[in-house]
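Undergrad: My questions all concern the structure below.
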Amino acid sequence: MEEKSVDKKTIIDIPENPLRTITIEELYEGDKYDFAHMEEKDVFSLLESSRDGLTDDQVKERLEKFGSNRIERKRKNPILKFLSYMWNPSAWVMEIAAIVSIALSNGGGKPPDWQDFVGIMLLLFVNATVSFIEERNAGNAVKALQASLAPEAKTKRNGHWKVIDAADLVPGDIISLKLGDVVPGDGRVIAVHGQLLMDQSALTGESLPVKKQVGDEILSGAICKLGEAEAIVIGTGKHSFMGKTIGLVGESNDTAHLQIIMGRIGLFCIGWIVVFLIAQIIVMYAVFRYDYRRGMNNLIVTLVGGIPTAMSTVMTVTLALGARQLSNQKAIVTHVSAIEELAGVSILCSDKTGTLTLNKLVIDRNNLKQYADVEPEEIIHCAAMASRTEHQDAIDSCITEAYGDAKPIREGIEELHFKPFNPTDKRTEITYRIINDGTVHRISKGMPRIIAELCTRDNTSELMQQLQLDVDEFAERGLRSLAVAVEDVPSGTVSGKGNGFKLIGLLPIYDPPRSDTKETIARAIELGIKVKMVTGDQLAIAKETGRRLAIGDNMFRSTIFKDGPPASSGYQDIDDLVLHADGFAGVYPEHKYEIVKRLQNMGHMIAMTGDGVNDAPALKKANVGIAVADASDAARSAADIVLTEPGLSVVIEAIISARKIFQSMRNYSVYTSSMTVRLLVGYTILLFAFEFDFPSFMLLILTLLNNATMMTISKDRVEASPYPTKWLLSDVFVHATVYGIYSALSTVSFFIIIIKTSFFQDKFGVDKIQYHPRHGSPSGWNDPILNSIIYLQSSIMSHALIFIARSRSFFFLERPSFLLVFAFAIAQIIATLIAVYANWQFANVGGCGWTWAGIVWVWNLIWFFPFDLIKFALAAYFDPRKRQVVEESLQSQPSTRKHRRNMIAAEKEPSCSPTRPSSVNSNDRNSPIEDSIVEAAARYFAPDICELSTPQYTHRRFAERLAGANNNLCRVPTDAEDLKRFAAVQTHYAAKLLKTQSTQTESQK
C-alpha cells in the first residue's frame, strides 16, 4: 500500500496567465512545478481551472499547446516503408539472384543476363508495390473499424458533465471516475466518494490495488476497482506517465504467434533451397563439369523458384479483410492476431446473465400455481396492480410486462395507498377503491414465506404444505417464487381492517434464455466447442438454465476449487472435473481466472466472456478475452475482441468466421510451401537425370503470375473447419511435401514420355523433340519448344494446386470465389499464349503451337484428379488426431488416465501451443538458439501485426512488457538524467519499471 506524504507541500510562485507564459518543458520536466505535492488551490491556479471545469475556448487553446491525449506511434517514412518490402529473406534471395544474373552470370562469349536481372528487379518492384498498397489499405481498414473502440471520458465542461473522446482531454479538465473506469489521463484526486482503490498493476506491476485519497496522484491507464472520485487532469498524451515512459524506452515490439508460424514456414522453404543449391553445385560442377555460365543460370532458377515472395502480403490482407468481416458480425478485434487464436478455441466459458440469457426477468406462465378460483391472467393482473408504475425494479417491470399494456392495469380503480418493497417486510401492498361500486380492496405480493404468514383466510395446513412443495420445486429448477394474496376492506377506509388475506397464486420468475441460444449451443457442439456456463448465480438456477439450453446440468459450486471434487462424482482431480463440467455457479473473478488457467495447462485454447472490472484478469489470461456488449472500460481494455451486440450467437459466428480466415491462411501456407517443393524437386530431377536447364526468365513469369493469383486468396470462399483449428506444422509440411513431389512427378513423367517415346507424335501428329549435341546451342534436351511445353505444364499444374489446397472435400464440391477463378483463368490464358506464340531467343523458348498446348492441358487434367485422393489419404491420418481432443473435452464422464495422457500429448505439440505466454508449457519450448532463429525469421517473413493493433492492445500489460525474464527488472537501462523527465511521484513509479545501469551492473557481478 502506498504511503501518502500529506505533510510536505510545495510552495510555488505562479505567474499571471501561467499556461501562456510557462513552457511545456518547464511545466513537466524538473521539480519546479511538482503537481504531486503542491497545494490543491495552486494546482487549480497553475492549470487555470476550477471545479466547474474548463470552457470551450480554454479547451481549444490547450489542445493547440499540449496536443491530443494519445500516445502517437512513430510513423514510418512511406519511402522507407516501401523499401522495407525489399529487405527480408524473400527479397534477399531475389536480390542475390539478381546479382548473380548481372554480375556473376557471364562468360561463354555472352553478355550478362540483363533480361533476368530486369525480370527479377521487376518482380521485386511489383511485389513491393502490391505489398505496400495492400497492407496500407488493410491497415487503414482495420484502424477504421477499431476507431469505434476509442476510450471515452466523463468530464465537466462549461459547468456541465459530458462524455467526450478521451483523446480530447486536456490538462485542467475535471474528470469523473467510477467502478470499472480506466483513468484517461494523469490526474490529482479532488473528491472521493467512499473508499477509492486503483489497480495500477498494468503500469507498475503492483499486484494489489492502491488506496487513493484526496490530493493523491492517479496515473493514466489505472483502473478504478472501488469507489468513485473526481480528479483534475495534470498530464495527457506524451506528457503522462505512460507517455513519458514509452518515449524513454520505446514501444514493445513483441513477436506474435502467427509471426512465429510464418517464420517457421519461411525457414522450411529456405531449408529446401539451401539443400538443393548445395546438391546442384556439386552435381553441375563436380559431376557434369558444367561451364560457369550455364551452372549460374540453373542456380538462379533454384533461388527464384523456391522462395515464398508474397507470403507476408497475402497474410496481412487476409487478416485485415477478416477483421472487417468480423466487425460486420458485431465483433471488433483489438489486434488481428486474435483471429488466429479465436479459430483455435476449443472451450468457451460464457457468462449466463446477458449472454446466454436476456438479463430480463419474465413469468413462466406454464408453471404458474393457482390456490383459489382465480384465473392465471387475473393473478398476474393482481400482481401488476401491486407493482410500482414508475421507477420500477426488475420484478415490478417483469410483472407489468407480462400483463401487457401498462395503462389498463389500474383502469377503473383509485389508488389509496401503496407500500413499496423494503428489505424488512419483503413485500409490496396496494390499497385501492373500485370506482364503479366504491368497494375497497388490498393486494400484496412478495416472498412466499412472508405472504404465507400474512394469509389468515382459507388458510389450511394442506394449503401451506402445498405452497412449500411448490416453492421447493421452483427452487430446485432455479425459478424464483413470488406469492400473491388479496383481501377486502369492508369499512371502505384506507387504514380499515380487512377480512384477511387469501393466497391466490404463486408466480415462477426466471431470466429466460435468448431465443437463439439453444440453437447456437447445438451449433457450437457440432463445431467441436464445449460451452461452459460460468455464473455467480445459485447452482439451482445455473442447472435449470443448463437444462433449458441443452448445455447440461453437470454443474458444481465454486467451492470445489477449495474442497476438491465431490466423492461421488468419480472425477480424479480438480482438473478432470473442470474439463468435463458443464458449468460452475457462485463464481467469483478469481475462480474465472483459475478455470482458464487449469484448462490452458491441459493444452486447450480458451475463450472467456466478461463485462465487469473484476473480469479483466480472466480476460487477460484467456487465449481470447471477449468483452460483451456494454462491458466496462476495464473489460474492454483487457479483451482481445469487443462485441457490439449481446448474445452467444455473436461469439459463435465470430469463431466460424475466424476459422474461415484461418483456413485461408493455412491453404496459402500449404500451397506456397508445396510450390517450393514442386519446383525444386521437379527441376532438380530433370537437371540431374537429363541435364535439362529450365529457363530462369520463364520461371520469373511463372512466379509473377502465381503471385498475382495468390493475392485473391484472401477473398476466397472457404468452408470452416468442423473442429478447432491450430497451426499443426507437421500437417502443413507433410501436405506441402506430398503435393509438391506429386506435382513434380507429373512434370518429370511428362518430360520422359515426350523425349523417350513417340506416343504424342503417333497420336497427335506433333513434331518430335530432338536431342542437340551437348556443346551446341541449344544443347542436350534444352530445346526452345520443349522449354515452352514444360513452362506451360508447370504453370497450369502449379496454379491448379490451390483448388486442392483450399478444399476439404472434392475440389468441385466447394465453390471458390469468382475472383480466384477469374485470376486463375487470366493467368493461364497468358501462360498458354506465351507458350504457343512466344519466340524469345534470349529466354530460349519457342512457340509450341496449339496442339502441344492442348496435350499439356489434357495431361494436367489427368494428373489433377488424383490429387483429391491424396488429400483424403492425408486427412485420414491427421484428422483423427484433431478430433481426439475435441471428443474428450465434449463428454461429461471422467477421463481415464490413458485418455488424459493422449489428450495432453495431442494438444501440446510445440507448433500449436496456446499463444498466451502464461499458457505455454515450459517443456514445449525449443532451444534458445532455435527460438532466436525462428523469431528473427518471423519479423521478416510475417505480417507487421503491430500495424494492425489498437493502441489499447499495444499498451496492454505495460509493466510486463518492460520487465525482464523475472518480471521485475526492466530490460532497457537508463540513468539518472533520464529520470529527470518524470515528476517526483512519477519517479517513484518509474523506479519500479526502469533499472539504472549501475544497479544492473552490480547484479551481474
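Just so you know, glycine gets a Cβ as well, placed from its N, Cα and C.
These figures come from a predicted structure and were not determined experimentally.
Not my notes, these are from TrEMBL:
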- 34-106: domain 'Cation-transporting P-type ATPase N-terminal' (DOMAIN)
- 82-105: transmembrane segment (TRANSMEM)
- 117-133: transmembrane segment (TRANSMEM)
- 265-288: transmembrane segment (TRANSMEM)
- 300-321: transmembrane segment (TRANSMEM)
- 668-690: transmembrane segment (TRANSMEM)
- 733-755: transmembrane segment (TRANSMEM)
- 817-838: transmembrane segment (TRANSMEM)
- 850-874: transmembrane segment (TRANSMEM)
- 889-927: region 'Disordered' (REGION)
- 912-926: compositional bias 'Polar residues' (COMPBIAS)
Undergrad: Please figure out which one of 117-133, 265-288, 817-838 racks up the most CB pairs under 8 Å against the transmembrane segment (850-874).
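TA: Out of the listed stretches, 817-838 contacts the transmembrane segment (850-874) most.
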Undergrad: Tell me if the transmembrane segment (817-838) touches the transmembrane segment (668-690). I count contact as 3 or more CB pairs below 8 A, with pairs 6 or more residues apart.
TA: no
Undergrad: Can you break down the domain 'Cation-transporting P-type ATPase N-terminal' (34-106) into helix, strand and coil residue counts using DSSP?
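TA: Helix (H, G, I), strand (E, B), coil: 41 helix, 2 strand, 30 coil.
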Undergrad: Looking at the stretches 265-288, 300-321, 817-838, which one shares the most CB pairs under 8 Å with the transmembrane segment (117-133)?
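TA: Ranking 265-288, 300-321, 817-838 by Cβ pairs under 8 Å to the transmembrane segment (117-133) puts 300-321 first.
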